[in-house]
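Here is what TrEMBL records for this protein:
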- 3-477: domain 'Cytochrome oxidase subunit I profile' (DOMAIN)
- 21-40: transmembrane segment (TRANSMEM)
- 60-89: transmembrane segment (TRANSMEM)
- 109-132: transmembrane segment (TRANSMEM)
- 152-172: transmembrane segment (TRANSMEM)
- 193-217: transmembrane segment (TRANSMEM)
- 250-267: transmembrane segment (TRANSMEM)
- 279-297: transmembrane segment (TRANSMEM)
- 309-334: transmembrane segment (TRANSMEM)
- 346-370: transmembrane segment (TRANSMEM)
- 382-403: transmembrane segment (TRANSMEM)
- 415-438: transmembrane segment (TRANSMEM)
- 458-476: transmembrane segment (TRANSMEM)
Amino acid sequence: FIVLNRYSLITNCNHKTLGLYYLWFSFLFGSYGFLLSVILRTELYSSSLRIIAQENVNLYNMIFTIHGIIMIFFNIMPGLFGGFGNYFLPILCGSPELAYPRINSISLLLQPIAFVLVILSTAAEFGGGTGWTLYPPLSTSLMSLSPVAVDVIIFGLLVSGVASIMSSLNFITSVMHLRAKGLTLGILSVSTWSLIITSGMLLLTLPVLTGGVLMLLSDLHFNTLFFDPTFAGDPILYQHLFWFFGHPEVYILILPAFGVISHVISTNYCRNLFGNQSMILAMGCIAVLGSLVWVHHMYTTGLEVDTRAYFTSTTILISIPTGTKVFNWICTYMSSNFGMIHSSSLLSLLFICTFTFGGTTGVILGNAAIDVALHDTYYVIAHFHFVLSIGAIIGLFTTVSAFQDNFFGKNLRENSIVILWSMLFFVGVILTFLPMHFLGFNVMPRRIPDYPDALNGWNMICSIGSTMTLFGLLIFK
């Protein structure tokens with residue numbers, strides 16, 4: 001054991017230390033992913049190719065693929081689910097430690113391994129330019145630019161999935177068996193429930209993704225024909241498998257942020273959350289409905305009318321529990337006389353505004369008829385970046401801002417620079433993503449590095465906003 005003390009970084013099993021490590025990893029990986037997006041916006045500031053050579057245009061595909069995978073699996077998930085969950089779940093349910101501390105430690109150590117595997121794809125031949133969705137036949141063709149890059153991305157996703165499943169099992173077991181005496185499930189806080197529901201969704205959907213990408217791998221190297229239409233396979237099957245994970249995944253990303261925001265508003269204003277039980281019920285409804293609507297990503301793949309009717313109506317139905325949550329947060333704000341007593345209160349309010357706007361554009365996209373027109377345009381990018389890039393990331397910053405005295409033992413950032421940073425960052429992301437809605441209505445397609453000259457103005461505004469966000473993050477330190 002004396003020898004192992006040297007390796008305390010990798011042998012640590014304390015849930016608070018591991019939670020802080022998760023947050024650090026999230027910050028490091030997220031910085032990498034964010035800088036990739038700045039490269040994309042620099043390329044797109046004006047029409048025609050600017051910084052990427054015509055012969056090497058696949059570099060653009062590689063950058064947005066890696067950007068998407070990193071921001072989803074290595075920034076938001078470790079930060080909100082891993083960081084906030086590991087640090088606060090035992091505290092909130094009154095247990096001294098999580099149920100399986102060593103499994104917790106392993107799942108943390110798997111994160112950088114998965115990250116390195118995904119990054120290795122950039123060094124493999126031409127890089128994996130498939131988009132983060134890895135659709136066949138592009139990803140299963142050995143004649144494509146880089147089958148090896150697709151391999152390492154798949155291995156990275158598998159390792160990351162194993163880590164997430166271990167964390168989920170850990171959280172659920174801890175809440176079920178290590179609660180303080182007298183703490184029934186009915187009186188657990190909204191934050192705890194958000195982590196339990198997130199863990200349940202991960203356990204339900206990650207095995208499906210694992211099966212899908214393993215089928216992809218075997219199509220690529222082992223002569224199976226799951227997704228090859230020449231031999232009675234079907235690439236649409238992969239889309240169903242992927243999106244059955246991919247849509248619940250966005251709720252897995254945002255539910256811990258709901259928990260953080262609820263916790264912060266409740267503690268900052270010294271009062272119970274308005275409609276506490278209905279908030280938990282709303283999260284349960286969001287989880288159940290969110291797992292039943294994956295086909296709304298596939299309206300353009302030739303569905304029958306009644307299928308589209310079902311998925312349209314169920315998608316729009318999700319706005320009811322979401323609206324419940326938003327109005328309850330606003331009621332909690334309005335019932336207090338304190339004002340903005342802490343920078344995290346301001347960040348929570350910004351989260352509510354941007355999340356509401358992103359959710360509204362989601363209701364618009366949920367309509368099959370409208371989505372057929374807007375599918376794969378910048379409108380879709382604007383929608384999910386409003387919810388994730390602004391919503392979940394502000395949730396991450398709210399966590400750091402609200403709990404800095406827990407994390408660091410003192411208030412490092414409770415002064416005017418936080419207000420300056422919040423405004424710079426907020427205006428930056430709004431400037432980046434708001435014009436994308438108009439680009440979408442002008443039918444600018446996603447994932448293409450060039451566009452007509454008529455769209456120069458909006459794209460220039462987007463790139464200016466991206467640069468503002470970069471400066472905002474530099475201020476945040």
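Any Cβ shown, glycine's included, is placed from N, Cα and C.
The transmembrane segment (250-267) makes contact with the transmembrane segment (60-89), as judged by at least three Cβ pairs under 8 Å among residues 6 or more apart in sequence. In summary, the transmembrane segment (109-132) lies against the transmembrane segment (21-40): three or more C-beta pairs, each 6 or more positions apart in sequence, are under 8 Å. Long-range contacts of the transmembrane segment (193-217) within its own chain (CB-CB distance under 8 A, at least 6 residues past either end) are made by residues 81, 84-85, 89, 134, 136, 139-140, 150-151, 154, 157-158, 161, 164-165, 167-169, 171-172, 175, 224, 226-227, 238, 241-242, 244-246, 248-249, 251-252, 255-256, 258-259, 262, 280, 283-284, 287, 290-291. Stretch with the most C-beta contacts under 8 angstroms to the transmembrane segment (415-438), considering only 60-89, 346-370, 458-476: 458-476. Only sequence-distant pairs (6 or more apart) were considered; of these, at least three Cβ pairs between the transmembrane segment (382-403) and the transmembrane segment (21-40) are under 8 A, so the stretches are in contact. When Cβ distances are compared across the two stretches, the transmembrane segment (279-297) makes contact with the transmembrane segment (309-334), since 3 or more pairs at least 6 residues apart fall below 8 angstroms. Summed and averaged per residue, pLDDT over the domain 'Cytochrome oxidase subunit I profile' (3-477) gives 92.
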